[in-house]
Amino acid sequence: MRIAVIGQSVFGLEVYKELRKEGHTIVGVFTIPDKDGKADPLGVEAEKDGVNVFKFPRWRLKGKGIPEVVQVYKATGAELNVMPFCSQFIPMEVIDHPAHGSIIYHPSLLPRHRGASAINWTLIHGDKKGGFTVFWADDGLDTGPILLQRECDVEPDDTVNTIYKRFLFPEGVKGTVDAVRLIAAGNAPKIIQPEEGATYEGIQKKDNAKIDWNQSAQVLHNWIRGNDKVLIPLRSLLGATAIGQPLEIPGASQPGLVSKAGLMLFGNDGKALLVKNLQFEDGKMIAAARYFSSGSCASVELTEEEKAFAEQMRTSVYSSILTNVDAIEDSTDFFKSGAASMDVVRLVEEVKLRASGCQLQNEDVYMNTTFQDFIQMCVRKLRGEDDEEELVVDYVEKNINNMTIRMPHQLFVNGEFVDAEGGKTYKTINPTDGTAICDVSLAQSSDVDRAVAAAKEAFEEGEWGKINPRDRGRLLYKLADLMEEHQEELATIESMDSGAVYTLALKTHVGMSIQTFRYFAGWCDKIQGCTIPINQARPNRNLTFTKKEPIGVCAIVIPWNYPLMMLAWKTAACLAAGNTVVLKPAQVTPLTAMKFAELAARAGFPKGVINILPGSGALVGQRLSDHPDVRKLGFTGSTEIGKHIMKSCAVSNVKKVSLELGGKSPLIIFSDCDMDKAVRMGLSAVFFNKGENCIAAGRLFVEENIHDQYVKRVVEEVKKMKIGDPLDRSTDHGPQNHKAHLDKLVEYCQTGVREGATLVCGGKQVSRPGFFFEPTIFTDVQDHMFIAIEESFGPVMILSKFKSGDVDEVLRRANATEYGLASGVFTRDISKALYVSEKLNAGTVFVNTYNKTDVAAPFGGFKQSGFGKDLGKTC
């Protein structure tokens, strides 16, 4: 059928994609105008597919259709309107125009919960059954005849997000497509909605979502979970009992209780419900259990007894010490108001007299200089709380890949997410469409100094240096478990931020990262020295033994091609050995590192052990190289930058360095190979992760008697590759990481053509939004050419032939490079394979395979590909 899709959002996008797969012709997509310069995802995808997209701000004026808009719509010749999620009022002349009319998706079991916020009201009313309806549009408000319905059980702790993700989104997409199938087959029913049981409720907004506390616990429970996007409680459980710190709640039958379990609220029936999380008006979120100790002035509440203590301190103590201050305000600073060191001693002793059990040190006063901060610190000590504060995260939220992802975007220093000095930020870009994802804090030199100081203190004075190796291992295992729990979210962030195909991000970028942390968790209590026999053992039974100890603060600078995996490769081993880390992610791909920081904090890593600083290499990377308190630096990146880092590390304090640098890995394919495997693995060797792969086969040498056949086979396969949105599960090849890299690839291929190499296919940017580059194949590449010598770091296959049977000559050519990271050989002759493997100058040699790395196998190169190893026990 000829279908017009009228709607918006990711839900509308998925319906649109499924309708196209069904073979229907989408004659037009009618969606909302761009907001703040960002297009709705439905329109973005349709434009990529060459479908006409219309973005009318309105369809009606004074209740009547706008003639020009209606005329544009009618010109599409639609036979059916599908409205998967439509927030605009569509005139009846558009609704009734197609031969098959119009159908709408609605997230409730009509006639119940007509109107907006249907999911919210399903939960608020405590419905046992939920679901959706696809109905025929009419001139009423969700009153048209029913085409189909699907229902599900509403779980006791369902929220808007959980029921939508579990059922309403995935099954709603399927149900809408099923409805179109019924229409196409001529079997679509029109069941008149009964008026019995019909309800209508208005839209839920913050200004009308205030809780009436004079209700039963069950009603409160339903109201809270039905408003989980607009109210502060995010999760609730019925029937719990606990004791805790009282919290006055205006209008409630009795105070709430803040305990280690969360915030206990009571209905007018005396029954309780437990709220696990709270979100403040500024968007920051904390565990409800930490309400009184959230570290936020606005969120700290005192009991009446504690208020009396505060007032006594204000009128009797502070006023008598700060005699030159007319009135002691919450913001009054002890030292700026004239207090001296003797006054500090007096203040500490006054607290001891007035608050038995509150043992202060002089440094407590220096760290809490305002009256309000001082009182809060005293109260926390009186309550017996530890010094650790609940992690406060200012999230950026995105609805993408059928989920809501929540990303930190600030620096992570000493266990807290904080702004950079001066509040400096930059925008990180989505390579799929070139749009900005969010603003990210841009670290400055002073931020590096703060992070290194925190890491040094954590290593030398903190809990991290005191815990035993097995406890370190437990923390690493817990972190790996949390990463696994969040693997889909991590993979989505990785895909959005770096352009990695989602399925690859899930399996490799994230999957191997989890494996890495688990592998090194197992090593924590197995890092051992040895006992050495010595000549002078007698007569005094002398003995020598060695002990392996952590080195201290380790700086890590990672690249943009595998943002999370490179973090894992380098960080896990450092932590397993007992070091602390300051990590700089690539400036263009910071987001998975920031999410990792959140998970590390939630896993229980002490403050200062892990620090993450998004920023430029010239500033952050250079300061880490120069810093005298950094004892080792691990770097993955270009050879040019690696040389500079090595020099800076030597000049500063001769810090240890490990470098994984550029490569031009040769892959030799002999005529006696398994051709099918050689073709398949050769393609993977070049195009894996869009060619943004440090060990990618930079040059393929193919024996001349099979050269032409091999070229024909790989060209055929390359032409089958699907280039597209990395979140589309059918995509083979996503966008390059960033614009500057894309431009370099274009220039690289132009150079190859100028020098006389044969461009068989590809070589240019794909004509679509985003940073897409065509998979490219060059043949007739001579040894002196630029593309034969230099790494592309992209989807470019460089093919050269060699004389049949001349093994030593091809080895000479393969080794005629300054790089030595990886290499490969394909042959059925095991003797030849072993001979070639021995002669190739590379850190890794793949035999009849490629890209097969493992967490237990050491990884690294030599020559100008660097030195030092990642992974394995020797790293």
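From the backbone N, Cα and C atoms, a Cβ is placed for every residue, glycine too.
TrEMBL labels come from automatic prediction, so no person has curated them.
Going by TrEMBL, these are the annotated features:
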type: ACT_SITE; residues: HIS106; note: active site, proton donor
type: SITE; residues: ASP142; note: site 'Essential for catalytic activity'
type: DOMAIN; residues: 299-382; note: domain 'Carrier'
type: BINDING; residues: 558-560, 584-587, 617-622, 637-638, LYS744, 791-793; note: NADP(+) binding site
type: ACT_SITE; residues: GLU660; note: active site
type: ACT_SITE; residues: GLU660; note: active site, proton acceptor
type: ACT_SITE; residues: CYS694; note: active site, proton donor
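Sequence features, as recorded in TrEMBL, placed on the structure.
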{"residue": "HIS106", "record": "active site, proton donor", "Cβ within 10 Å": "22"}
{"residue": "ILE558", "record": "NADP(+) binding site", "Cβ within 10 Å": "26"}
{"residue": "LYS584", "record": "NADP(+) binding site", "Cβ within 10 Å": "27"}
{"residue": "GLN587", "record": "NADP(+) binding site", "Cβ within 10 Å": "21"}
{"residue": "LEU619", "record": "NADP(+) binding site", "Cβ within 10 Å": "18"}
{"residue": "GLN622", "record": "NADP(+) binding site", "Cβ within 10 Å": "17"}
{"residue": "GLU660", "record": "active site", "Cβ within 10 Å": "28"}
{"residue": "CYS694", "record": "active site, proton donor", "Cβ within 10 Å": "24"}
{"residue": "LYS744", "record": "NADP(+) binding site", "Cβ within 10 Å": "14"}
{"residue": "PHE793", "record": "NADP(+) binding site", "Cβ within 10 Å": "24"}
Note = DSSP says GLN622 (NADP(+) binding site), in three-state terms, is helix
Remark   = Taken over the domain 'Carrier' (299-382), the predicted model's pLDDT averages 84
Remark   = Going by C-beta under 8 A and a gap of 6 or more residues, the same-chain neighbours of ASP142 (site 'Essential for catalytic activity') are ILE104, HIS106, LEU110, PRO111, ARG114, GLY115, PHE135
Ask   = Between the residue listed as 'active site' and PHE793 (NADP(+) binding site), how far is it from one CA atom to the other, in Å?
value = 14
Query = Based on Cα coordinates, which of the following binding-site residues are within 10 Å of CYS694 (active site, proton donor): ILE558, LEU619, GLN622, LYS744, PHE793?
reply = PHE793
Task = Would you identify the secondary structure of GLU660 (active site) according to DSSP, in three states?
result = strand
